[in-house]
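The feature anthranilate 1 binding site is assigned by Swiss-Prot to G80, N111, with sequence analysis given as support. Summarising the annotation, Swiss-Prot assigns 5-phospho-alpha-D-ribose 1-diphosphate binding site to G80, 83-84, T88, 90-93, 108-116, S120 and lists sequence analysis as the type of evidence. Annotation source Swiss-Prot lists Mg(2+) 1 binding site at S92, E230, citing sequence analysis. Sequence annotations record features per position, and here Swiss-Prot assigns anthranilate 2 binding site to R166. Feature annotation from Swiss-Prot assigns Mg(2+) 2 binding site to D229, E230; the stated evidence is sequence analysis.
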Amino acid sequence: MESKQLLQKLLAGEHCSKEEMQDCMNSIMDGEFSDSVIAALLALLQKKGVVANELAGAHASLMAHATTVALSTHAVDTCGTGGDHGGTYNISTTASLIACSAGVRVAKHGNRSVTSSCGSADVLEALGFTLELPPEATISLFKKTGFAFLFAPLYHPSMKRVAHIRRELGIRTLFNMLGPLLNPAQVKRQLVGVFSEELSELYADVLLQTGARHALIVHASTEEGVILDEPSLNGTTFVTEIEKGVVRKHTLRPEEFGIAPAPLAALQGGDKEHNARIIQSIADGSASAAQRDAALYSSAMACYVGGKCACLNDGFIVAKEALESGKTQAKLKEIIAYNQALVTEYHVAKS
């Protein structure tokens with residue numbers, strides 16, 4: 001479909017088919033559309049509202065343009081859409097480290113911050129992790145430690161085509177929604193945080209289309225009136241679960257896991273150095289109860305989708321044991337140490 005036809009279709013408020021959106025994204029990534037056309041398409045899609053077939057079509061195109069890496073069919077990603085304005089520290093990154101120390105194989109896909117002061121890549125860098133490992137080194141890290149961090153710019157180089165357009169637009173677009181779907185390891189087990197019920201429905205549809213084996217899509221309310229893209233310590237957490245093609249919905253409360261309610265302010269983050277200190281304090285046992293419990297709540301979910309336990313309550317027990325026994329602190333040190341050994345071995349230039 002020509003760009004003019006696409007624009008007319010979106011102006012009329014009509015949805016694109018999966019195939020139309022895949023072709024559209026191919027044209028964008030291959031440099032066939034001008035900047036002005038791309039900006040118009042993104043703005044019109046956002047105004048109309050993106051539907052599942054459009055998201056699935058864009059996903060298919062971007063994965064075809066990506067550098068993929070084979071890690072494990074059991075690997076888990078913990079990733080959120082961002083945009084919830086909760087201002088929390090890097091809970092999903094912390095959860096991935098705790099889950100890894102509990103025996104879950106983690107393939108975390110992430111980037112530097114877009115909507116917060118500190119993204120997953122930022123905080124890992126502050127912990128001493130070098131982001132720019134080549135794929136073969138990342139495979140070695142995963143085999144050795146059970147953890148991989150897949151730095152988005154290395155695996156999705158075609159996204160540079162739209163980076164300046166997204167910056168100039170300054171609004172959320174289709175690309176903000178795609179992040180959790182674009183793991184280069186093509187994981188089939190995920191904990192996905194979203195910031196609305198509508199997005200939960202959308203992601204469930206797309207994850208079914210893309211063959212998810214076990215996924216939890218999470219958003220939560222708070223007493224402060226903020227919607228989070230992670231479990232809440234003082235409100236209701238809404239979970240859409242996908243397992244082997246079946247969709248189930250749950251609601252959770254912190255007290256079900258023995259978690260004491262805590263205000264959102266107790267989970268506030270800051271810059272990458274501040275958030276790295278929080279992660280280190282959780283690992284060494286000196287963090288506040290609220291900081292620890294928020295990480296364990298998400299870790300329980302990662303352990304569950306990773307197949308380490310039969311239910312979320314057992315996942316909480318498994319994650320808590322790993323943290324309190326010192327396994328998480330040891331795992332964090334192991335990951336950073338081997339990452340740095342690989343930097344030397346592969347002559348990686350640090351940014």
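Positions of Cβ are set from backbone N, Cα and C atoms, glycine also.
Everything Swiss-Prot records as a feature, shown here on the structure.
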residue: G80; record: anthranilate 1 binding site; contacts (Cβ under 8 Å, 6+ apart): S92, P180, V192, G193, V194, D229, E230
residue: T88; record: 5-phospho-alpha-D-ribose 1-diphosphate binding site; contacts (Cβ under 8 Å, 6+ apart): L228, E230, L264, L267, Q268, G269, A294
residue: H109; record: 5-phospho-alpha-D-ribose 1-diphosphate binding site; contacts (Cβ under 8 Å, 6+ apart): D77, C79, L150, A152, Y155, G179, P180, L182, N183, P184, A185
residue: N111; record: anthranilate 1 binding site; contacts (Cβ under 8 Å, 6+ apart): G119, S120, A121, F151, A152, P153, G179
residue: R112; record: 5-phospho-alpha-D-ribose 1-diphosphate binding site; contacts (Cβ under 8 Å, 6+ apart): G119, A121, D122
residue: R166; record: anthranilate 2 binding site; contacts (Cβ under 8 Å, 6+ apart): L42, T173, F175
Cβ neighbours of D229 (Mg(2+) 2 binding site) where a neighbour is any other Cβ within 10 Å: 26
For S92 (5-phospho-alpha-D-ribose 1-diphosphate binding site): DSSP state (helix, strand, coil): helix
Where G80 (anthranilate 1 binding site) falls in three-state DSSP terms: strand
Other CB atoms, at most 10 A from the CB of S92 (5-phospho-alpha-D-ribose 1-diphosphate binding site): 25
